[in-house]
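Asks: Here's a structure for you.
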Amino acid sequence: MLLLLKFAVLLLTLGLCQGNRQPNILVEDVEDVEPAFEPSRFGSLWPLPQKVKISQDSFKLGSSFRIVDGKGSSAGSSCNILQNAYRRYYEYIFGGAKRQGLGKNRRSAPSELTELRVYITSADSECDGYPSVKSDESYDLSVVQPFAVLRAPKVWGALHGLETFSQLVYEDEYGAKSINATAISDFPRFAHRGILLDTSRHFLPVKVILANLETMAMNKFNVFHWHIVDDPSFPYLSRTFPQLSQQGSYHPYTHVYTPADVKMVIEFARLRGIRVVPEFDTPGHTQSWGKGQPDLLTPCYSGATPSGTFGPVNPILNTTYDFMAQFFKEISSVFPDGYVHLGGDEVDFTCWKSNPDIQKFMDAQGFGKDYSKLESFYIQKLLNIVTTTKKGYIIWQEVFDNGVTLKPDTVVHVWIGSGTNEEMSKVTAAGYTTILSAPWYLDYISIGQDWRNYYKVEPLNFNGTEKQKALVIGGEACLWGEFVDATNLTPRLWPRASAVGERLWSSKDVTDLNDAFNRLSVHRCRMVERGIPAEPLFYSYCPREYKGL
Amino acid sequence: MAWGQNISEPCLLKTGIGCPAVSAGDEAEMGVMSTVSSGQHTRPMCYLLLLMILQLGLHTAEGVWPLPQTLISSTERFHLSPQAFYFGYGRQSAAQQGCSVLDAAFKRYFALIFPDYTSGRWNLFSDKNEKDGTLPFNVDKQFTVEVSVDHNDCDGYPNESSSERYNLSVFSGRASLKAVTVWGALRGLESFSQLVYQDDFGSYFVNKTDIKDFPRFQFRGILLDTSRHYLPVQAILKTLDAMAYSKFNVFHWHIVDDPSFPYQSRTFPDLSSKGAFHPMTHIYTQSDVRRVISHARMRGIRVLPEFDSPGHTKSWGKGQPDLLTPCYKGGIPSGTFGPINPALPSTYHFMATLFKEVSVVFPDSYIHLGGDEVDFSCWKSNPYVRAFMQKMGFGSDFTKLEAFYMENIVNITSALNKTSIVWQDVFDYHERIPKDTVLHIWKGTPASYYAELSRMTKAGMRVVLAAPWYINHISYGQDWHNYYTVQPLNFSGTEEQKKLVIGGEVCMWGEYVDATNLTPRLWPRASAAAERLWSDEKQTSNVDMAFPRLQDFRCKLVRRGIQAEPLYVGHCKQEYQGI
């Protein structure tokens with residue numbers, strides 16, 4: 001899905017040549033905004049909750065402050081997700097320095113907040129489960145004296161509520177942790193709020209993935225779309241087909257994800273209410289698969305003889321489908337999420353066209369010269385295979401565009417940057433659930449505050465009925481890996497992805513760019529303080545600059 | 001180039017914010033990774049051919065970045081063992097044991113040459129061997145790098161005329177490094193460290209090599225902007241480390257500007273206590289500055305401070321009342337302030353005192369005086385400034401007022417025995433500036449900076465070129481190509497004129513950069529400029545040939561703990577381990 005966008009960039013450049021003022025307007029727009037460092041009336045909340053009421057009354061968080069399970073909560077001390085989150089947020093709130101000892105038995109001052117009580121209100125807290133696209137993520141938070149109360153039907157909402165609570169805490173002029181009396185009622189606008197990381201073009205050490213899951217939680221993202229393999233390398237260590245990474249990764253030991261690594265990522269994500277949706281993109285984008293799996297890829301021909309190069313997955317061999325059946329059986333058990341992303345984008349037909357066996361097959365099937373029919377034939381068989389594993393599937397938009405028969409619950413992922421709104425109309429008119437990524441390709445960089453462009457996107461701004469719009473379950477910010485690895489990924493992603501995070505979480509009418517700038521500036525400094533090298537929005541400073549050099 | 005005329009116009013701000021990024025439209029080149037097979041690079045260039053051959057061979061050195069002037073290398077290789085590796089001074093060397101610069105460099109380069117050894121991994125191996133009794137005595141053959149310099153400048157500072165020339169010969173069991181100055185020896189040590197490589201079993205090797213090297217340009221700088229974002233000292237020191245790896249030799253410290261004044265002045269402490277983002281945490285104390293200068297000196301890097309005036313001084317006004325011009329609106333002061341007030345004698349008294357301090361704190365013989373982007377509207381609004389114009393006979397030509405101010409400032413620094421360096425604006429508005437002033441080009445497209453180079457050098461002025469290396473401008477793709485293919489001397493002028501171009505500078509303005517993203521944004525993109533400024537242009541004009549070398553160098557930077565970003569799809573043997 002990269003080629004077309006490159007083209008779009010080229011167009012933009014050409015636009016410049018013709019004296020098209022548009023890029024300049026964008027830049028001027030940035031210039032006009034003298035950064036207004038006025039504090040927002042919503043403090044540093046990000047993404048902005050659906051309903052917020054912050055009063056002027058403030059309380060101190062004393063040394064005895066605790067986050068505790070509320071009495072009668074359906075999740076108790078055995079709930080790992082919550083207990084881990086309590087500790088995490090306690091450390092975030094107090095900066096890791098646990099101020100023990102001093103006045104431990106001191107009676108709390110009248111303006112002191114002593115506890116945050118967390119109640120899971122529905123009978124099944126889902127504490128031991130995995131988040132899903134249907135998870136209830138809502139919560140209510142009330143900060144009053146002497147106890148703040150967080151209520152959520154499920155643990156997923158409680159996690160978001162804890163993040164929100166931690167964002168309400170600030171330091172007064174004496175450095176004391178303070179919080180204002182607040183009432184918040186919150187839920188996400190969209191159920192699918194994702195980040196795509198590409199671990200094939202550059203290998204990302206597990207540590208980097210975990211750090212970004214941590215940051216995703218700070219921004220209330222809930223889907224890690226793991227574009228784990230692609231042409232350049234195959235770092236996924238398959239138990240069934242170990243040769244795939246043995247031969248196809250950059251290095252078979254240092255540049256692979258072992259089953260233990262994958263497990264760690266999934267559990268780390270679960271503890272933060274994040275789904276891990278793996279993508280195994282076929283039939284294109286599979287050069288690295290061919291190294292460890294002979295006969296999987298189509299041999300390309302030069303004239304009448306094989307040229308020694310290979311094209312997409314070979315769709316005419318039964319062995320291909322046997323392989324896929326076994327492979328996706330493994331995937332369906334390794335990745336607990338209800339969905340797997342099957343790719344299906346950017347299939348180049350030239351190699352198929354060159355191969356005489358494929359031509360024969362095309363004739364036998366009556367496909368004529370229409371290679372998109374062959375592609376559909378492959379995808380169709382693949383979808384049937386994946387259906388038997390009881391997983392739902394997500395596919396890039398071309399699969400839909402090419403008219404492949406899809407199950408009604410298929411999710412179509414829209415990524416092409418031109419005609420996006422028309423595509424959204426078409427896909428939803430056909431009754432398919434949709435995810436939007438086209439406006440949020442964060443690997444495209446330019447000088448200036450491009451987060452504003454991501455922020456201004458309105459995902460439902462296409463022609464369609466209310467019913468169609470309800471089919472848009474969310475969006476994803478994509479950080480493709482051509483120019484990104486562990487050295488620059490985190491500052492490139494954050495806080496630019498945060499802009500997408502608010503668009504997908506907050507109410508449709510949260511569109512005030514100045515207020516967003518004010519909140520996001522502080523939110524970015526909070527990420528920095530939590531050890532995440534989130535880059536600056538514009539000239540300014542953070543009270544505590546990044547120290548992780 | 002067609003886009004030239006369009007992009008030049010809006011680029012009015014020195015930091016280039018407000019200018020569309022120069023996108024080279026090189027999308028088509030992005031996939032081009034083949035280097036040797038295309039057959040178009042078969043010009044008779046012995047060293048390059050040799051390098052290419054080495055790249056094809058297994059487990060050999062990928063060479064040195066920036067490319068030495070001559071490098072002859074053979075496939076004969078020598079094993080290096082950290083337990084039997086020594087640096088030493090040649091008997092004829094003017095510097096001997098106790099030379100602070102070289103003693104420290106030996107320690108530093110030992111760790112860079114043997115990263116496993118110093119990280120402790122090597123000890124694990126050798127301990128095991130000892131327990132097994134397999135290594136009862138040291139069987140490794142000794143290897144010594146013998147360094148000789150002509151001048152004992154161990155306690156000095158590098159300066160504008162320091163020789164950085166060195167010759168390096170690697171033989172069996174020893175290497176000979178000869179240089180005029182210790183600064184040249186540092187460059188040679190860097191090259192030597194890049195020649196050493198590890199095979200798949202972790203053993204270290206160096207090939208028989210002969211290098212004769214010197215920089216093409218004397219001035220090879222990096223500008224960091226610590227006003228728009230404060231950069232912790234640690235970030236500056238790390239940048240100095242990486243600069244040494246790419247043989248940069250000038251750290252242009254754009255230390256103050258409109259947004260903040262982090263320099264803690266001894267004479268005027270209010271400047272930072274009122275003008276910094278925070279008076280305690282976001283300042284550079286005198287000891288911070290000394291630390292930066294000393295760290296730079298140890299790496300043969302000059303520290304060139306910039307105190308930009310009369311524009312870009314908003315933050316100065318907070319701690320120095322009456323320094324800035326009060327702007328007027330409808331006959332009364334509007335409460336806002338403009339550039340430094342050139343009409344008051346107190347201004348010059350203040351500037352003389354400040355620069356006296358600066359000239360003592362910063363040992364380099366250059367001081368950067370800025371002088372760019374002066375907005376006249378506030379001066380125009382102020383009745384006292386207008387009266388001063390009348391008195392001086394400037395009419396309504398405010399460039400004359402600016403010239404008057406700059407002349408005064410240049411005279412102040414001249415009296416302090418410092419060479420002034422100023423942004424090109426100062427030359428553009430009034431050519432009457434002392435001949436020994438250095439001009440700094442920052443504006444425009446190739447066409448316009450070539451014209452400017454011609455004009456300036458024709459006037460006999462020395463020039464530093466920064467315009468093509470505004471590295472804070474980011475765009476999608478391999479933009480290092482643009483920095484690499486600059487031809488600094490491709491302007492019309494005599495040989496004498498060309499000699500007046502003393503070098504170039506990579507600028508990292510700070511609007512969008514702080515400690516979180518500085519390093520990956522700077523490296524390895526700045527390294528592309530480094531090769532342009534150090535190496536022979538004919539040998540290094542092809543980006544496809546540079547690509548694998550730069551890719552390899554980038555992995556070396558990562559291995560050394562510099563989070564240099566990737567050029568394109570691929571991997572490093574040791575990936576960056578931070579986040």
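Numbering starts at 1 and runs along the chain as displayed.
Cβ atoms here come from the backbone N, Cα and C positions, even for glycine.
Just lifted these from TrEMBL, have a look:
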- B:64-195: domain 'Beta-hexosaminidase eukaryotic type N-terminal' (DOMAIN)
- B:Cys99-B:Cys154: disulfide bond (DISULFID)
- B:217-536: domain 'Glycoside hydrolase family 20 catalytic' (DOMAIN)
- B:Cys327-B:Cys378: disulfide bond (DISULFID)
- B:Glu373: active site, proton donor (ACT_SITE)
- B:Cys555-B:Cys572: disulfide bond (DISULFID)
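Provide an account of the burial state, proximal residues and distances for the features listed.
Replies: In terms of DSSP secondary structure, the domain 'Beta-hexosaminidase eukaryotic type N-terminal' (B:64-195) contains 48 helix, 35 strand, 49 coil.
In sequence order, B:Tyr89, B:Asn152, B:Cys154, B:Val182 make up the list of same-chain residues 6 or more apart from B:Cys99 (disulfide bond) whose Cβ falls under 8 Å from its Cβ.
Long-range neighbours of B:Cys378 (disulfide bond) (same chain, six or more residues apart, CB within less than 8 Å of its CB): B:Thr325, B:Cys327, B:Thr336, B:Phe337, B:Gly338, B:Pro339.
DSSP classifies B:Glu373 (active site, proton donor) as coil under the three-state reduction.
On its own chain, B:Cys555 (disulfide bond) has B:Cys572, B:Lys573, B:Gln574 as residues at least 6 apart in sequence with a Cβ closer than 8 Å to its own Cβ. B:Cys555 (disulfide bond) falls within a helical segment according to DSSP.
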Asks: Could you tell me which of these disulfide-bonded residues, B:Cys154, B:Cys327, B:Cys572, has the greatest number of Cβ atoms within 10 Å of its own Cβ?
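Replies: When each Cβ's neighbours within 10 Å are tallied, B:Cys572 leads.
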Asks: 10 Å Cβ neighbour count around B:Glu373 (active site, proton donor)?
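Replies: Other Cβ atoms within 10 Å of B:Glu373 (active site, proton donor): 16.
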